[in-house]
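Enquirer: Following this message is one structure expressed as structure tokens.
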């Protein structure tokens, strides 16, 4: 391995050490500029040790490295960045073109090390300024190899130095600012879990109840009354979605259990064909849509059930048996949980069940 390759590897390792030891960009570290100035001066001093340094056979184009502070202040930040990136890129092309004209020699080895320093500077500037389109500035043609080394030193002492010292702090702060991703839209989904629990977990899953009337009664005109409650709707709201007199009037325990009493005037049949297993909560709290009525017992004081048991229908598709509780006749005597004797219930005084 040649000495040039070893020096290039050493410079790359030095840049990597600067990058790892400092959280900022390499161009924001002042040690990088000092290192490049020191190395370029040392490399140029070694050129005098090479014997027989002849001029180049073909002149190479180098950037104009003269610097004017007044002209520099009038330029915008973007034009300054393009000017410096263009100058460093053009210098790298000139060094590579000059090295391509030479046979392996002392000068060729020094030009290889010089190209490594220029690449290091170009990479650091691109990391700070970005890969902008270089601005084609003024150029000069040179045959003297010393002009290659002097061009790098003048760039470092002039435009690059002023850029890093004057514009550098602002660019470094702008580059190191954390980029916080702000969501473009906020979800407007309102979950029912945020509402206070007013029904004590009575109903928590989907259920549907279908009521059909077969004869004259209070609800004879309602041929297909259907109630659908979404998951957790009754569990998280403060009032019941269905507040109709005569429906699920005095339930005690789960609706799909055996203790529920459905009080109606002339409603004959209540089909619960759409009740899925586990649709109702297994608690024993009363689901009272007409507040003020005490829960009715399942057995009368005399030991007889107030209503005949409901016939069970055959199940289909492996579903649980569906209950069809019958509504009692309005003249049926029902026990009262507080009174010692049964109390007779009568239909509502308003007769809305006349057939038209």
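Glycine residues also receive a Cβ, built from the backbone N, Cα and C atoms like all the rest.
The annotation compositional bias 'Polar residues' is assigned in Swiss-Prot to 330-339. Positions annotated as disulfide bond by Swiss-Prot, on the basis of sequence analysis: 28-172, 50-106. The N-linked glycosylation site annotation in Swiss-Prot covers 197, 206, 235, 249, 256, 336, 351. Positions annotated as region 'Disordered' by Swiss-Prot: 291-356. What Swiss-Prot records for 1-21 is signal peptide.
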Enquirer: So of 50, 172, which of the disulfide-bonded residues has the fewest other Cβ atoms within 10 Å around its own Cβ?
Expert: 50
Enquirer: Given residue 106 (disulfide bond) and residue 28 (disulfide bond), what distance in Å do their CA atoms have, once rounded to a whole number?
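Expert: That comes out at 34 Å between the alpha carbons.
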Enquirer: Using a 10 Å cut-off on CB atoms, tell me which of the disulfide-bonded residues 28, 106 is the least crowded.
Expert: 106
Enquirer: About how far apart, in whole Å, are the alpha carbons (Cα) of residue 172 (disulfide bond) and residue 50 (disulfide bond)?
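Expert: Distance (Cα to Cα, whole Å): 40 Å.
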Enquirer: Can you tell me whether DSSP puts residue 50 (disulfide bond) in helix, strand or coil?
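Expert: Once the DSSP labels are grouped into three classes, residue 50 (disulfide bond) ends up as coil.
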Enquirer: Determine, to the nearest whole angstrom, how far the Cα atom of residue 28 (disulfide bond) is from the Cα atom of residue 50 (disulfide bond).
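Expert: Cα-Cα, rounded: 35 Å.
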